Amino acid sequence: MSSYQDHKALAELTLGKPTAYCDHYDVTLLQAVPRSMNREPLGLYPDNLPFHGADIWTLYELSWLNSKGLPQVAIGEISLNADSVNLIESKSFKLYLNSFNQTVFTDWESVRTTLQQDLSACAQGEVSITLYRLDEMTHQPIANFSGECLDEQDLYIDSYEFNADYLQGAAGKNRVTESLVSHLLKSNCLITHQPDWGSVQISYSGPQINREALLRYLISFRHHNEFHEQCVERIFNDIMRFCQPETLSVYARYTRRGGLDINPWRSNTDFVPLTGRLARQ
């Protein structure tokens, strides 16, 4: 269980509570969660963050009415800077997007501008937004994380409780530059404990990380309760602490829920994330 499970910032969230669905625009549905809530226990503060990055959201259920009342549909891609004060709680984001359904917007740019203004204000940070017509996405291939997959190791696993100590002594003597991938990342929502399924890519330069230890560490998230963004920052922080690579990038892409997927990345180098959806997305 996360040490901040009962943090006061979580008390007013609609997440985990019965909720009425509104189909007319209502910005008050958006709810923020302070990033400091999980960062401070890790010793991370705005003036000493060891990474930069973003939370990339894909919006699959976005619709509104044009000026003639004709429904419009789009796929949205949103990138929220990791140095924003808050992350955006996903259920509230879903409810907020639902409020567009019977709302008239004069054009697509009005929708994009509204999203940008509202999300920036909620997160207190920089947000970039792209809206795609469906025919722009039709030929987008299923992407795949580049790197060597950890998942075929023949391991006996008997513990699924989070334990960063799996990384103790995991840094070897040889120095390498490599990318490692696992599709076995599974954690649980901090509030509802619903499962969150993801794939993670870890790219680094430095002492070679023991692959068995790294996979055991990632599997130990299986009963861990934390938001997607927080899990990625925890992985980054633990690898830096135990393995001390010179460069590190951690990028996770999670399966969608409620028409949204969340894909956080954190890096201390010039990492550029792919944005194509993976097989399970």
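Any Cβ shown, glycine's included, is placed from N, Cα and C.
So that you can see what the record holds, here are the features copied from Swiss-Prot:
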ACT_SITE  C189  active site, thioimide intermediate
ACT_SITE  D196  active site, proton donor
BINDING   I88, E89, S90, H228, E229  substrate binding site
BINDING   S90, K91, R257, G258  NADPH binding site
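Feature map: Swiss-Prot annotations on the structure.
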{"residue": "I88", "record": "substrate binding site", "contacts (Cβ under 8 Å, 6+ apart)": "L30, Q31, A32, V33, D55, L80, L119, C122, A123"}
{"residue": "D196", "record": "active site, proton donor", "contacts (Cβ under 8 Å, 6+ apart)": "K186, S187, N188, C189, H228, C231, Y254, T255, R257"}
{"residue": "E229", "record": "substrate binding site", "contacts (Cβ under 8 Å, 6+ apart)": "R35, D55, A82, L87, I262, P264"}
{"residue": "G258", "record": "NADPH binding site", "contacts (Cβ under 8 Å, 6+ apart)": "E61, S90, K91, K94"}
Task = Around the recorded NADPH site, report the further residues of that chain (criterion: Cβ within 8 Å of the mean position of the Cβ atoms of S90, K91, R257, G258; site residues excluded), sequence-ordered.
result = F93, K94, G259, L260
